Amino acid sequence: MARLNRFGFLGVAVVFHLIYMYSIFDIYFVSPIVSGMRPFSVERPGDSQAPARRLVLFVGDGLRADKAFQSFPDPSPPDPNASGALEPRPLAPFLRSRVLEHGTFGVSHTRMPTESRPGHVALIAGLYEDVSAVTTGWKLNPVNFDSVFNRSRHTWSWGSPDILPMFKEGAVPGRVDAEVYGEEAEDYTQDATQLDTWVFDKVKEMFRAATENSTLDNALREDKNVFFLHLLGLDTTGHAYRPYSKEYLHNIKIVDQGVEEITKLAGEFFGDDRTAFVFTADHGMSDWGSHGDGHPDNTRTPLIAWGSGIAKPVISGAAKAPGHDDGFSADWGLDHIQRHDVAQADVAALMAYVAGLEFPVNSVGELPLAYIAGDQKEKAEAAFVNAQGIMEMYRVKEEQKRSTELRYRPYAPLGDKVHSVEHRVAGIRDLIKAEKYEDAIRKSQDLLDLGLQGLRYLQTYDWLFLRTLVTAGYLGWIAFAVTTVIDLHVLHGKTETSRHISTITVFSALSVVLFSILWVQKSPVTYYAYAAFPLIFWEEVVARRGALVAGKNELLGKPKSKDETIALVVGALAFAGLLEALVLSYFNREVYTICFLLAASWPAFYGHEFYIHNKILIATWAVACILMSTFTLLPVVKVEDTNVILIGGFLMLLVGVLYLLFEKSIMSSSASGSEGLSSITDGLSRIILGVQIGLILLAMVITRSSVSSLQSKRGLPLGNQVTGWIVLITSLSIPFLHSLQPNNHYIHRLVIIFLTFSPVFIILTISYEGLFYFVFCGTLLTWVRLEHHIYTFTTAQQPSPPSPTPSPKPLGRAISAVSSQLSSPDGGSQYRALRLSDARIALFFFFLLQSAFFSTGNIASISSFSLDSVYRLIPVFDPFSQAALLILKLLIPFAVMSANLGILNRRLGVAPSSLFMVVMAISDVLTMNFFWMVRDEGSWLDIGTSISHFCIASLLCVFVAGLEFMSEVFVSGVDVGREHGGKTMKTEKESLLNGHGGVKTNGVAVGR
């Protein structure tokens, strides 16, 4: 590989991390879908009927199990002042009556990702899609696998345009009817109960139409029909108001009333008591109104089944019936009713059995026998058919794996004749013929478990190989990045690569062997990428090993004294300790509080003399760290608070006003001559700053109005929505007008950037995020100044060349210069070489980067982002646009950070890309930690959290690469050469050095 320039390194970093981020889905979450299986169903004599003639499925989208069964004061009483209005009561009395008298209930445990598409697929098809399939949940994508709907004679469905069409298009043509409302109906600012009442009304209309339409009437009365009611109101209300709100609880009442009406209507229409009913949910809802991860609030949903073929409730005379041991249902008032929990995919098996359908061929659900009303023979037959379906899937998957492996190793418990599938199946048949039904049920369940374990074995067959490749790739990237940094920014590209016949032969042989194995095994194309990266990286590291040796000598120098060696070891341990602390911070945000409090005292390590000359700066840094330490102690679950939003906006406004008033005095100390002062006092620049300040004020006014309107349920006024978009777009565009009269001082540029993003942060905040933005920007500016003062102080005895001052490039023309800047070589001697102490600066930047994400209240979860703020701009459900706004809000602190690090690069005299490259080299220590922590077993919380951690860590690495580009745009042409009353950097060093000494090791003061 030729020596990379900045642009090449950036491109490799982005491509590598995006490809390797996908590796967890190739390793841990391979799609379970296979084809070629034959379907199974319970075979009955000609005069025998299925348990039910038809099935009605209600799915309360986003309904948590606890909220469905708990008691609350009536959220919408006819008379709020009536006696007993505040008395807790069940909000779903009809569904509760099914539990108490008519059917069986439990908790259905969903899997991560807890989103609508995978949840409905598990319920209706009985399988768990790979996690990446959630991205197809908001499009018209046919479900390319079997389902209960596809096995029915006919399915009628009503509900959301985001769910129903994909099942209709994925089934046999004409088998599924789907009636949906318009996408504009999914308006978060309106009463979402209308979505559910629309569904109930449409069902009633169909039954009324059947009384006048004999064709429809005959079709409805056929057996093996399914009716699916998708009730989205709860999900929409939960997003908008949270699942503990009166609105959400009121929606539960509406759903319960609708279910009662449809149940009675079906009974009256069919008049044969041969209808089975299932009520459940696709996922739950977190307390902050979101879902997606594996938190128990998102994975626990209600399951209630009643009607034909469903077992009656089992009432226990004991204080607590079986199933309630976990304490989750302690406050439901149902402790005397046996609770039967299931996995979400089990519901598909239950529905197929009850309606007399063939089991979906991709289903991995275990038929919950506790819900079945049949005798032991019926249960034995059903359990046997269920197990046969699982083993058929195992047979097909094993044949596929065997056909591609060089040396296939069969699953041991099913790998010989004595334990073969055929032998076990024959044994169960014999038990059923001998009327040993209990034994047959037990053997069928054992066979089903073995089948699932066998499927698991086949699913994880390539794990060791792939994880080894990916680990080698990450280690290779770290080694390659470190080598590149040393080569470009420590040695300035003076070393030459050294390739020998022996090393070329070794890596060539490894490549041939590895790619031949992948070819023979018909591996996916991504496997080739996982194999190629470690080979490329490690070959390059070996070829440039001379740079590593020379870099070690340059950075560590000659043999050190004992004290210096101890200091170096302690520093290395502290470096590693902070990286591991960042890993821990993904589980406990309070780690940042501790780190910031420790960082407040960090300047003390540079001695008394440094403190004397920088009292105000050190005090400012300490205050900033203390303030930053408080944000990770604040609650993650935020409630919309207009007062806090406006306080944050006022502080942003105050910064702009004070800067506008005192701009001349701030800038004049660093201006060089009359030309600089003319630029400073230019009226046009001040007018543009005034407009930016005015946009902050307008954002505060419009946000207050929008929040008031939304909270009072009046919807979002069109004028507010339009004005909000105008403010957002204008605030991001107006900074380019500064190019008409540029002021290139770095403080002026940072103020422009701060004011640019302030209106956006006000519009998209719901609580203390605005306060964080104000404190965070102040912390970054203080950090940049403090690092520069430390560098000046510690290098005073050996002055380095001042940072080169680029030709002025106003912000408006900065982008055009970025490509040439990024693709240029390092620049050689015009920049100073990196020192060992610069690794600490990169680590501080990485710490602040992580803090920018977690301090705003986000936790390491993909469901931790509130949609409240985006309703002020997009009130109707539009997931990709809404996600784009959330990402914009997340990226703003990163953008500000990139500008500050870019300025710090210039103030320290290092190459523009050098510190970014160091950060990219060390960041994958976190990524590797989380890669090995990814789980696909255990609690759904653990699974979801592990995926979220890895993805966030990987994306932060990609963000760092993107920040390189942002930095060039933001700081292009910035002047950092003078400050402190016109003294040059060298003069400042001399003033600090005057009368002061100190022991310095590689640029770091260790004491006097």
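Note that Cβ sites are derived from N, Cα and C of the backbone, with glycine treated the same way.
Summarising the annotation, TrEMBL assigns domain 'GPI ethanolamine phosphate transferase 1 C-terminal' to 453-939.
Within its own chain, the transmembrane segment (7-30) is flanked in space by residues 130-132, 459, 462-463, 466-467, 470, 473-474, 477, 481, 484, 524, 526-527, 529-530, 533, 819, 822-823, 913, 917, 920, 927, 931, 934-936, 947, 950-951, 954-955, 957-958, 960-962, 964-965, which lie at least six positions past its ends and keep a Cβ under 8 Å from the stretch. Per TrEMBL, the feature transmembrane segment maps to 7-30 (among others).
Look at TrEMBL and you will find 463-488 (among others) tagged as transmembrane segment.
The feature transmembrane segment is assigned by TrEMBL to 500-521 (among others).
Here TrEMBL flags 565-585 (among others) as transmembrane segment.
Feature annotation from TrEMBL assigns transmembrane segment to 591-607 (among others).
Positions annotated as transmembrane segment by TrEMBL: 616-637 (among others). Residues 286-288, 589-594, 596-597, 599-601, 603, 768, 771-772, 775-776, 778-779, 782-783, 785-786, 789, 851, 854-859, 864 of the same chain lie 6 or more positions beyond the ends of the transmembrane segment (616-637) yet place their CB under 8 Å from a CB of it.
Away from its own ends, the transmembrane segment (643-662) comes close to residues 686, 689-690, 692-693, 696-697, 699-700, 703-704, 707, 751, 754-755, 758, 761-762, 765-774 of its chain (Cβ-Cβ under 8 Å, at least six residues beyond either end). Annotation source TrEMBL lists transmembrane segment at 643-662 (among others).
As annotated by TrEMBL, transmembrane segment applies to 683-702 (among others).
Sequence-distant contacts of the transmembrane segment (722-740) (same chain, six or more residues past either end, CB-CB distance under 8 Å): 684-685, 688, 691-692, 695, 698-699, 702-703, 706, 752-753, 756-760, 763, 810-813, 872-873. For 722-740 (among others), the entry in TrEMBL reads transmembrane segment.
Feature annotation from TrEMBL assigns transmembrane segment to 747-764 (among others).
Listed by sequence, the residues of this chain that lie at least six past the ends of the transmembrane segment (883-903) yet keep a Cβ under 8 A from its Cβ atoms are 746, 749-750, 753-754, 757, 760-761, 764-765, 769, 773, 776-777, 780-781, 783-784, 845, 848-849, 852-853, 856, 858, 865, 867, 869-870, 873-874, 912, 915-916, 959, 962-964, 966-968, 970-971, 974, 976. What TrEMBL lists as transmembrane segment is 883-903 (among others).
Sequence-distant contacts of the transmembrane segment (915-934), counting only residues of its own chain at least 6 positions beyond either end whose CB sits under 8 Å from a CB of the stretch, comprise 9, 13, 17, 23-24, 27-28, 467, 470-471, 474-475, 477-478, 481-482, 484-485, 488-489, 579-580, 582-583, 586, 834, 838-839, 841-843, 845-846, 849, 901, 904-905, 946-947, 949-950, 953-954, 956-957, 960-961, 963-964, 967. What TrEMBL lists as transmembrane segment is 915-934 (among others).
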Contacting positions for the transmembrane segment (591-607) when only residues 6+ beyond its ends and CB under 8 Å are counted: 578, 581-582, 584-585, 614, 618, 621-622, 625-626, 628-633, 786, 790, 793-794, 847, 850-851, 854-855, 998, 1005-1008
Segment confidence, the domain 'GPI ethanolamine phosphate transferase 1 C-terminal' (453-939), expressed as mean pLDDT: 82
